[in-house]
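Engineer: Taken from TrEMBL, the feature Na(+) binding site covers GLY65, ALA67, VAL68, ASN72, SER305, ASN337, LEU402, ASP405, SER406. The disulfide bond feature in TrEMBL is assigned to CYS170-CYS179. What TrEMBL records for 59-77, 89-110, 131-158, 222-239, 251-275, 295-316, 336-355, 390-410, 431-456, 462-485 is transmembrane segment.
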Amino acid sequence: MLLTKVLPFLVGVNNGGVELILVKEQNGVQFTSTTLVAPAQTIPSGEEERETWGKKIDFLLSVIGFAVDLANVWRFPYLCYKNGGGAFLVPYLFFMVIAGMPLFYMELALGQYNREGAAGVWKICPIFKGVGFTVILISLYVGFYYNVIISWALFYLFSSFTRELPWVHCNNTWNSPNCSDWADNSSIGDIYKATPAQEYFERAVLHIQDSNGIGDLGRPRWQLTSCLAVVIILLYFSLWKGVKTSGKVVWITATMPYVVLTVLLLRGVTLPGAIDGIKAYLSVDFLRLCDAKVWIEAATQICFSLGVGFGVLIAFSSYNKFSNNCYRDAIITSSINSLTSFFSGFVVFSFLGYMSHKHNVALDKVARDGAGLVFVIYPEAIATLPGSSVWAVIFFIMLLTLGLDSAMGGMESVITGLIDEFKFLHKHRELFTLFIVVSTFLISLFCVTNGGMYVFTLLDHFAAGTSILFGVLIEAIGIAWFYGVDRFSDDIKEMIGHRPGRYWRLCWKFVSPCFLLRLAYAITPETEHHLVDNGEVRQFTVSVTLSLIIIFLA
């Protein structure tokens, strides 16, 4: 008679796995088999399951869409042209390698491991939680004026649906006696002359002429207010359900700019003078590298272009799967951002070369950066093309999509950072998102008044300048020196299976903090430097500043 008895029992735990030994007794003889059962994947921070991106590509497009913003189009090409052309790429790539990529990688890894927003991740070192709230506040500040830029683009988009663009002639009701077409304006340096495109932006869109200064703002303009309301509505319905909705929206907002840039480049290179503009953009002047200002502008551009310090990268990566390869993501997305900046320069300077040729003026007379490029010079160039209304619609759709996904990133940083810190908000994400976007809208109304440009300039200069650099500096110090590079490297190994190389660890501990500290001082206006040297302006030393920050955080 065959007698069989099976006795399963637990023997122990081996490296986190459960060892199961199956004992089978048959006619008095025991047979054993051993199985190592791997436990379910554990998440260090998690008491509850966290929402994740629907697809990996949703995350990549969201990061790319946030990092690639209006500054890639209106700032980098001009800086490259002004600072030695192709030679400018030397300091730009240098700072990208020693600071940009390491900080980008650090924030992605920090968010993914801890799976919380910009404030919540500092449970690893609670004394630095103030840094998290600081970057959330800065992202909120930036939203107050960044959404206004998008509303300008929307205003221009609506204005482009006409047979003749409204910034072509000087015979409109908003034009002043100083308005002069380029063809009639032989003295380009005449400060009393203004082109139709310039007056359209300043007098028809902004209505600066109706304000005497920041003390005379007036009421919000209904046209810009309506455009701003549309922008806020788009942001709300992109964010209200979390990354499940925003991850789908970026399929349009993050890819559309590349399609439009390619179309504009194909049209731009066919214009007379375009090749001369591109040559000026790429011309190499290595002597410019002897100027410290060139290196400072390269460092500033790479720091702000990648978007570190806003809490957005931390928020986005916190929705990744725990085992996601954040190292590869950091390399891919930061490289795409820089390549996009370089590519957009060909588009911009093909049209600037055309403008220079058409009006027979030097290129430096038409080359500029900032809002003046995309709301004055570019619209003016487009207005001279056959089918100008179609090209204008295409161009301003690009600006709209460039701005929207960056604005979505900033809002997500605020929303994720706060609902992760105050857990009861998780159940009311839709209402809390509505509260944030409506609050942003109400503050932004100050920027769409007659004197709104003064408020806009104030926010633009002081909302996210040195404050962001010091925020990232303290963040890097907190990770590298307080939490510890070794512990941080072990966290990364737990996620992706290997520790970061020695290069990354050295950058996090020494190179990047020194870079940020030097840059934060370097971007102080030169006029202020000489006042400080003369003792006319009080300036905190670095040691005093850091001491105050530490006291505040404590």
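Even glycines carry a Cβ here, placed using N, Cα and C.
Give me the local environment of each listed feature.
Structural biologist: Sequence-distant neighbours of LEU402 (Na(+) binding site) (same chain, 6+ residues apart, CB-CB distance under 8 A): VAL68, ASP69, LEU70, ASN72, VAL73, THR253, PRO257.
The Cβ of CYS179 (disulfide bond) lies under 8 Å from the Cβ of CYS170, LYS193, ALA194, THR195, PRO196, GLU199, each of these being in the same chain and 6 or more residues away along the sequence.
Residues 80, 121, 289, 294-295, 298-299, 301-303, 305-306, 308, 313-314, 317, 326-327, 329-331, 333-334, 338, 342, 472, 475-476, 479, 488, 491-492, 495, 500, 504, 507-508, 511-512, 515-516 of the same chain lie 6 or more positions beyond the ends of the transmembrane segment (89-110) yet place their CB under 8 Å from a CB of it.
Sequence-distant contacts of the transmembrane segment (131-158) (same chain, at least 6 residues past either end, Cβ-Cβ under 8 Å): 70, 117-122, 205, 223-224, 227-228, 230-232, 235, 309-312, 371, 374-375, 379, 392-393, 396-397, 399-400, 403-404, 406-407, 410-411, 413-414, 417-418, 421, 436, 440-441, 443-444, 447-448, 452, 455-456, 459-460, 463-464, 467-468, 471, 474-475, 478, 553.
Residues of the same chain lying 6 or more positions beyond the ends of the transmembrane segment (222-239) and with a Cβ under 8 Å from any Cβ of it are 147-148, 150-152, 154-155, 158, 205, 245-246, 249, 404, 407-408, 411-412, 415, 433-434, 437-438, 440-441, 444-445, 448, 452.
Tertiary proximity for the transmembrane segment (251-275) is limited to same-chain residues at least six positions away from its ends with a CB under 8 Å from its CB atoms, namely 58, 61-62, 64-65, 68, 340, 343-344, 346-347, 349-351, 353-358, 385, 391, 394-395, 397-398, 401-402, 404-405, 408.
Cβ atoms under 8 Å from those of the transmembrane segment (336-355) belong to residues 64, 67-68, 72-74, 76-78, 80-81, 89, 92-93, 96, 257-258, 261, 264-265, 268-269, 271-278, 280-281, 302, 305-306, 363, 366-367, 373, 377-378, 380-382 of the same chain, restricted to positions at least 6 beyond its ends.
Nonlocal intrachain contacts for the transmembrane segment (390-410), taken as residues 6+ away from its ends with a CB within less than 8 angstroms of a stretch CB, comprise 62, 65-66, 68-70, 72-73, 139-140, 142-143, 146-147, 149-150, 153-154, 156-157, 160-161, 165, 231, 234-235, 238-239, 246, 249-250, 252-254, 256-257, 260-261, 263-264, 267, 307, 310, 312, 315-316, 374, 378-379, 382-383.
Distant neighbours of the transmembrane segment (462-485): 103, 106-107, 110, 122, 124-125, 127-128, 131, 134-135, 138, 141-142, 144-145, 303-304, 308-310, 505, 508-509, 512-513, 516-517, 519-520, 523-524, 545, 549; these residues of the same chain sit at least 6 beyond its ends, with a Cβ under 8 Å from one of its Cβ atoms.
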Engineer: Looking at the binding-site residues SER305, SER406, which one has the fewest other Cβ atoms within 10 Å of its own Cβ?
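Structural biologist: Lowest Cβ count within 10 Å among the binding-site residues (SER305, SER406) is SER305.
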Engineer: Taking the center of the Cβ atoms of GLY65, ALA67, VAL68, ASN72, SER305, ASN337, LEU402, ASP405, SER406 at the recorded Na(+) site, which other residues in this chain have a Cβ no more than 8 Å from that point?
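Structural biologist: Apart from the listed residues, the neighbours are ILE64, PHE66, ASP69, ALA71, GLY307, THR340.
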